[in-house]
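S.K.: Quick paste from TrEMBL:
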- B:137-441: domain 'NADH:quinone oxidoreductase/Mrp antiporter transmembrane' (DOMAIN)
- B:6-25: transmembrane segment (TRANSMEM)
- B:37-55: transmembrane segment (TRANSMEM)
- B:93-112: transmembrane segment (TRANSMEM)
- B:118-135: transmembrane segment (TRANSMEM)
- B:142-164: transmembrane segment (TRANSMEM)
- B:170-194: transmembrane segment (TRANSMEM)
- B:215-235: transmembrane segment (TRANSMEM)
- B:247-268: transmembrane segment (TRANSMEM)
- B:289-308: transmembrane segment (TRANSMEM)
- B:314-334: transmembrane segment (TRANSMEM)
- B:346-363: transmembrane segment (TRANSMEM)
- B:450-470: transmembrane segment (TRANSMEM)
């Protein structure tokens, strides 16, 4: 399971980073999305991988922490998803505005001279 | 019940939050007055609260954590819940921000606030994010406040619109979104290694880490630092900064002058806690990177100052010089540079922030072509279909300053003196304190050559600032006929107030340096912070005891 997850994170991060360097604004925003997926999976993995373990412990009595998943990374991922969703939406708006102003979807607003 | 003063610690976050949220209810253009009242009420309240908190923080003897303020959110016990921490450093940054906010708002009255509906609300949210970042003692909470301030800054940078701003904003947002992802990777890596997000708890755990985990922690800290250094504008992460800062509207750029300092603050706070004295085998990690990066930033900034023609970009490069200097000072401190140097660095940080903020406010009156803000505003109002040019007439009423050229020249000269570090103003005192700290404090863990290089760069950057600004000054004041233009009290008052503060810092430099010295000593003893946070009393503890 570890190797699958780490490979997934690696592929997402690598393709995200590559797209981020591209000159089209659409590629940049897709790259940012992929990177944020990679980061979210990474945060999740930092709570160690468990199968079938609940994250919420019962209220009273002794509980064995080994039988439960770490709830903090899950809470962090939730926050990170919400924030990156909102900022990506905002970025999209700015991109559309830039497209309107410059008439080009190049990130610099004009094509590089060949 | 806790007495009310306890809750003052969270006021710098709540005041702008509620002010900003309330302002959204007054979104209509006719309710401009309500927004103004809220905005200024909040800024003045913030200033008073920051003064109160500073007074409280400076009561404590530097070696004791007794009077440090702690605020357990939701009354969760310390390592588990989020804690706000008020110490000398955060109180100083709160006051610096409050002092910058009021002039920037006043300046915006001269016309900029009318360029978009939500200027004041965004401004308040920016203040909330900055205050929160200065106060929080929790890594993930720091991320959340960074996002709050960044989201507000995206909106503010675009304020006034136009192709140039939107283009610069696009780059700014892309860079900062990527930096935020780095932030998340760093935080989660640190959490994965140590199992805590609380900065104080983290600092306590670092000496006890196993050797296998240590490289991972260092990698996490490095990635985290990358996110802060993008904000602080360390070379080579700083190419976005001059463009973004020169694209921002003047009041926005003036408050952005403190945005680089929030990165510097986070680097200082975390590196002193995690890798400062008492860190065991991790002592001084990253010092070389900070020194080298800071010096390269200074070099880049000073070349930029010499190479640019436009005053806006030049001011952006001056911001780089200032943050590079402070970063290098932090690096030297981590490498064992001693108290005096860090104290000088903090003094320089405050002085240069005040002056660069004032310079950003002066740029527009200096470079105005047609000499009248009303004309310019009417033009933009036309272009964007804002249909109340008549109401805008009262925008530019108020006092027109006689002898505009002389007034502007004096203000410009003041900025120049502080930024270049010439006597008699505050920049000189700061640089002198840094240099004397550097020369007297032996025991650096880096080669002595680095210290000499830094000394040379510090002097050179002063010289470059002087040459660059004098060149602009000659062009503006002596070779063009600016005499005919009018400037308004609302535009000159704010930078003048900032410069007067810098002058006051010079006059009272002994007191200010004393405060900085105590701050620096407190930063050199992380146990004060750590034990203070872990012993922070819960409200319910007392109640349970009496039951």
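Heads up, residue numbers simply count up from 1 along the chain you see.
Just so you know, glycine gets a Cβ as well, placed from its N, Cα and C.
TrEMBL annotations: computationally assigned, not manually curated.
Mind mapping these onto the model and telling me what they sit next to?
M.R.: Sequence-distant neighbours of the transmembrane segment (B:6-25) (same chain, 6+ residues past either end, Cβ-Cβ under 8 Å): 34-35, 38-39, 41-42, 45-46, 49-50, 52-53, 56, 69-71, 73, 84, 86, 94, 98, 118, 120-125, 127-128, 131-132, 134-135.
Within its own chain, the transmembrane segment (B:37-55) is flanked in space by residues 8-9, 11-12, 15-16, 19-20, 22-23, 26, 69, 86, 91-92, 94-95, 97-99, 101-102, 105, 120, 123-124, 127, 131, which lie at least six positions past its ends and keep a Cβ under 8 Å from the stretch.
Sequence-distant contacts of the transmembrane segment (B:118-135) (same chain, six or more residues past either end, CB-CB distance under 8 Å): 9-10, 12-13, 16-17, 19-21, 23-24, 27, 35-36, 38-39, 42-43, 46, 84-86, 90, 93-94, 97, 101, 104-105, 108, 112, 141-142, 144-153, 155-156, 159, 255, 258-259, 262, 265-266.
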S.K.: Which range out of B:93-112, B:142-164, B:215-235, B:289-308, B:314-334 gives the transmembrane segment (B:247-268) the most CB pairs under 8 Å?
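M.R.: Per the Cβ under 8 Å count, B:93-112.
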S.K.: Honestly, do the transmembrane segment (B:215-235) and the transmembrane segment (B:314-334) touch, with at least three Cβ pairs under 8 Å and pairs 6 or more apart in sequence?
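M.R.: Since 3 or more Cβ pairs under 8 Å link them, the transmembrane segment (B:215-235) and the transmembrane segment (B:314-334) do come into contact.
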S.K.: Restricting to CB pairs under 8 Å, which listed stretch, B:93-112, B:142-164, B:170-194, B:450-470, is in contact most with the transmembrane segment (B:289-308)?
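M.R.: Counting Cβ pairs under 8 Å, the winner is B:450-470.
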S.K.: Against the transmembrane segment (B:450-470), which of these stretches has the most C-beta pairs under 8 Å: B:93-112, B:170-194, B:314-334?
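M.R.: Maximum Cβ contact count belongs to B:314-334.
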S.K.: With Cβ-Cβ distances below 8 Å as the criterion, list the same-chain residues six or more beyond the ends of the transmembrane segment (B:314-334) that contact it, or say none.
M.R.: 229, 232-235, 238, 241-246, 253, 257, 260-261, 263-264, 267-268, 271-272, 275-276, 284-298, 300-302, 304-305, 308, 341-342, 344-345, 348-349, 352-353, 356, 359-360, 363, 419, 434, 438, 444, 446, 450-451, 454, 457-458, 461, 464-465, 468-469, 472, 520
